[in-house]
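Lifted from Swiss-Prot, the feature list:
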- Arg108, Lys148, 153-159, 185-188, Glu193, His216, 270-271: ATP binding site (BINDING)
- 112-300: domain 'ATP-grasp' (DOMAIN)
Amino acid sequence: MDKTSLKPGSTIGIIGGGQLGRMLAMAAARFGYETIILEPQAGCPAAQVANRQIVAAYDDPKALAELAAASDVITYEFENVPVSAADKLAETALVLPPPAALEISQDRFTEKQFLNESGIETAPWRLVDDEETLIAALGALGGRGILKIRRLGYDGKGQVRLASLDETQACNAFAAINKAPAILEGFVEFEREVSVIAARDRSGNVAIFDLAENVHKDGILATSTVPAAISVQTAEAARTAAEKLLHALDYVGVLGLEFFVLKDGTLLANEFAPRVHNSGHWTEAACAISQFEQHIRAVAGLPLGNTDRHSDCVMENLIGDDIEKVPAILCEKNAVLHLYGKKEARAGRKIGHVTRIKPRTI
């Protein structure tokens, strides 16, 4: 550890109190760190395992001042933290990953632009401000695409598929997203979806986990399988892109980068998340060091850990009524269960995950 590394007993502030914040707090505790959560919902999943919670809005000035004063470093568990709040914290505290990464990722336009400018290929896309630009974008992209709101869309929300040049359908689609600023992403025939979980420390060192192959259902991640059924060359291209992105952002922490894989093995970046990622939960059961520990290591100024995988695995999200599967899962021989402490199992709500491991093959 260098002189700037956090010593045991230091405090890590975490903005956001969901399951990602919970698992970050648990990882921090293993290193002897205390955690303080800023989250408006009292008794949130992260607060259940943290030392303290500030119950306030993410942009509450008094709460931000309290968090900054109490923390040796501040991180966040989701990408829709108000950038103004992160910038305010950064005036008096160390905020990692840097707020600039938040700002870029919060807007699909700036995200796609940054990826392309960093030499990372994406599906073709066009900016959409109104019906006229949407119709023009459809024409430019061959009459097919996915209309996506620029901000606050996640788990498939704020998206409409378009499959023709019909202007009425285009106008209806724009109305369906409440005429919000958007992009139109060209439709691509992909063979599979994969993601890479990568980390960069304060000195610029990079460590990357094996790629996961992801399956989504209703816009929400259903399973992540490792190893992904891709070539060595495709996997290496994804790792290279992730490393390129980490350096371009001057990033510190863990980042998730998602790709479409075309039939010929070509990779098209879909999006990145400047945080620990749902498709990296498998690392908790199949690696010596999880993505959560890796993130804590990075932001605390500790050396990055070994990302080697000791097992093959399939991570399955438990959503809503899947809570009823828990008794059976507990009887499975090689299933690692993690529940998030949520008080209500609503439809579409992630309440936990299970990772089924088996001996490593490749």
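Here, residue 1 is simply the first one shown, and the rest follow in order.
In case you wondered, yes, glycine gets a Cβ from its N, Cα and C as well.
Counting Cβ atoms from all protein chains shown, Val188 (ATP binding site) has 16 others lying within 10 Å of its own Cβ. Shown are the binding-site residues Arg108, Lys157, Asn270; of these, the residue with the fewest other Cβ atoms within 10 Å is Lys157.
In the structure as shown, the Cβ atom of Glu185 (ATP binding site) sits within 10 Å of 22 other Cβ atoms.
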